[in-house]
Amino acid sequence: MNPRRKQRLAVVGIIGFLIVSAVGLMLYALNDSIDLFYTPSEIIEGKNGQKPQIGQRLRIGGMVVPGSVSRDSESLAVSFDLIDTGPTVTVTYTGILPDLFREGQGIVATGVLTDVGAIKAQEVLAKHDEEYMPPELAEKMKGIKHVKPENMPTYESSNGAGSK
């Protein structure tokens with residue numbers, strides 16, 4: 001092999017190494033911003049045989065379990081349970097919930113898995129249209145009935161106000 005050919009091969013090798021390194025660094029950087037979508041059943045039982053890791057960022061979608069919303073009177077902290085067709089997952093969130101958030105309504109939350117079955121959400125999005133649902137969630141939630149707000153039971157308060 002002549003010196004000129006060796007020099008070309010070395011240049012091609014260096015360029016190839018730099019391209020592979022750049023792609024590797026981009027994938028590593030993107031890994032922190034990827035949020036995988038899960039349903040409550042997939043968080044508890046695993047998705048394709050793999051459960052999400054504690055501390056992993058993810059998106060979860062499901063229906064808010066009626067009667068599960070608990071608000072802290074001292075702060076904006078709220079916790080609620082999400083369900084699809086199986087087990088429930090508890091979501092905690094500190095902030096102002098969307099206007100369309102209510103029990104029996106579909107939501108998508110973005111956050112971190114803090115424990116098996118527990119999510120600390122940084123963002124909560126409520127479904128805008130009664131008919132729309134993300135395709136991943138729609139597939140998992142076939143057979144769950146949507147609870148309309150006007151059909152939600154209300155309970156008597158201590159001052160006698162209330163209906164139904």
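In case you wondered, yes, glycine gets a Cβ from its N, Cα and C as well.
Lifted from Swiss-Prot, the feature list:
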BINDING   H128, Y132  heme binding site
REGION    142-164  region 'Disordered'
TOPO_DOM  1-8  topological domain 'Cytoplasmic'
TOPO_DOM  30-164  topological domain 'Periplasmic'
TRANSMEM  9-29  transmembrane segment
Subject >> Folded-back contacts onto the topological domain 'Cytoplasmic' (1-8), same chain, C-beta under 8 angstroms, at least six residues removed >> reply: none
Original post:
What is the three-state DSSP composition of the topological domain 'Cytoplasmic' (1-8), stated as helix, strand and coil residue counts?
Top reply: 6 helix, 0 strand, 2 coil
